[in-house]
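Here is what Swiss-Prot says about this protein:
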{"type": "TRANSMEM", "residues": "3-23", "note": "transmembrane segment"}
{"type": "TRANSMEM", "residues": "62-82", "note": "transmembrane segment"}
{"type": "TRANSMEM", "residues": "99-119", "note": "transmembrane segment"}
{"type": "TRANSMEM", "residues": "153-173", "note": "transmembrane segment"}
{"type": "TRANSMEM", "residues": "195-215", "note": "transmembrane segment"}
{"type": "TRANSMEM", "residues": "230-252", "note": "transmembrane segment"}
{"type": "TRANSMEM", "residues": "262-282", "note": "transmembrane segment"}
{"type": "TRANSMEM", "residues": "291-311", "note": "transmembrane segment"}
{"type": "TRANSMEM", "residues": "326-346", "note": "transmembrane segment"}
{"type": "TRANSMEM", "residues": "368-388", "note": "transmembrane segment"}
{"type": "TRANSMEM", "residues": "408-428", "note": "transmembrane segment"}
{"type": "TRANSMEM", "residues": "444-464", "note": "transmembrane segment"}
């Protein structure tokens, strides 16, 4: 067995150890450390494998790109894990250990999706991740909103899986193979205008659109974000979407879909609709979680533009480096910023409404400053990491002469600026009621880390960009 499987094996061992701990003697502190140890060792092993040669078998492919995405995933998980112990002690009375177990199972599924190269391995790891998230979302079983969110996510997951299974079956009927690469070769070498083949592809895409909550498959996404426990919402918006988007990227990057105008038109329409509708719906919200839910729709709409670049001209497949760089930079920038946002919200004791943030600048200035920087980064304001992500996106579009989405991107960004600034204005409002207790040294350190990371990489992006370029190249 190849060493490339080591991170997944380490997480699997952590899952087994945690199961024994839960069965023999419950201990929240021990479960916390077992989870963290598993994630940290898996991340270190994944980093050590970045320089290893490309490895592929029938079900999985390990490349430098998948390695970096796996490190990004594990890094997000570790950062969120650091906040978990305190949050669970405050908000969950019983069965805290199961949260860590479900987190590790979801992590294992997400890692498998990132390296999947076959529809069989993709679907099994997708279901492992999705079923784990059902438990995580409905974890606060004493709260009706959490139970409702869990049922809604279960229904959406079932619908997405049904679409994907139907699409996979149709594609297999046409090609006789379930490999991603074979699908790409089939698109390149045969006539992809067959309506049955195209129908299969569209079914698969619809399933992935549900997983990414893109328009028009964004039903209940805000309800799920608001009803789930806050750490689950953080995991759902980062880990789940990263894994799902990587699969979508693979399908478009492996083959030239230029001849299949139906699929390309679908992606273009979904991208524009997600950019505009996501931000317009966010304008109407009074909950910070609902705002982040709808803004995530628009951000992944922006990312769809980069998928479109891979197939706008056939020559792109001979030199795909810059679109790939832009995609990896924007995806990393958005997920890092969003992880920072949820990390800050987990430290605050208020509710999920914007009112809970009123006067935060006067009671907890460091929390407010870090959350403001996160909002400015999500809005794409200069000197932040989010701005550099949008700069890469626009530069790639102009370089490859795909400029038609840019007016929609500008309009959507202007709309988004209003609700991001609204959050900052609420925090600047005067209030007479103080927020929670004094900050611990750990909280202060993590808040400064978020500020320095977003501002540092936004002001001096060369190191981050060069790292991405070396990986993609």
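Note that the numbers count up from 1, one per residue, in the order the chain is shown.
Each Cβ is built from the backbone N, Cα and C atoms, and glycine gets one as well.
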Cβ pairs under 8 Å between the transmembrane segment (62-82) and the transmembrane segment (326-346), at least three: yes
Contact set, same chain, for the transmembrane segment (3-23): CB under 8 Å, 6 or more residues outside the stretch: 30-31, 34-35, 37-39, 41-43, 45-46, 49, 52, 55, 60, 62, 70, 74, 97-98, 100-101, 104-105, 107-108, 111-112, 115
Folded-back contacts onto the transmembrane segment (262-282), same chain, C-beta under 8 angstroms, at least six residues removed: 198, 201-202, 205, 209, 214-216, 218, 222, 252, 290-291, 294-302, 304-305, 307-308, 311, 405, 408-409, 411-412, 415-416, 419
Winner by Cβ pairs under 8 Å against the transmembrane segment (326-346), considering only 99-119, 230-252, 408-428, 444-464: 230-252
Stretch-level contact, the transmembrane segment (368-388) and the transmembrane segment (230-252), CB cutoff 8 A, at least 3 pairs: no
Dominant neighbour of the transmembrane segment (99-119) in 195-215, 230-252, 291-311, 408-428, 444-464, by Cβ pairs under 8 Å: 230-252
Same-chain residue ranges lying at least 6 outside the transmembrane segment (195-215) that approach it to Cβ under 8 Å: 126, 156-157, 159-164, 166-171, 173-175, 221, 240-241, 244-245, 247-248, 251, 260, 262-263, 266-267, 270, 273-274, 277-278, 293, 296-297, 300-301, 304
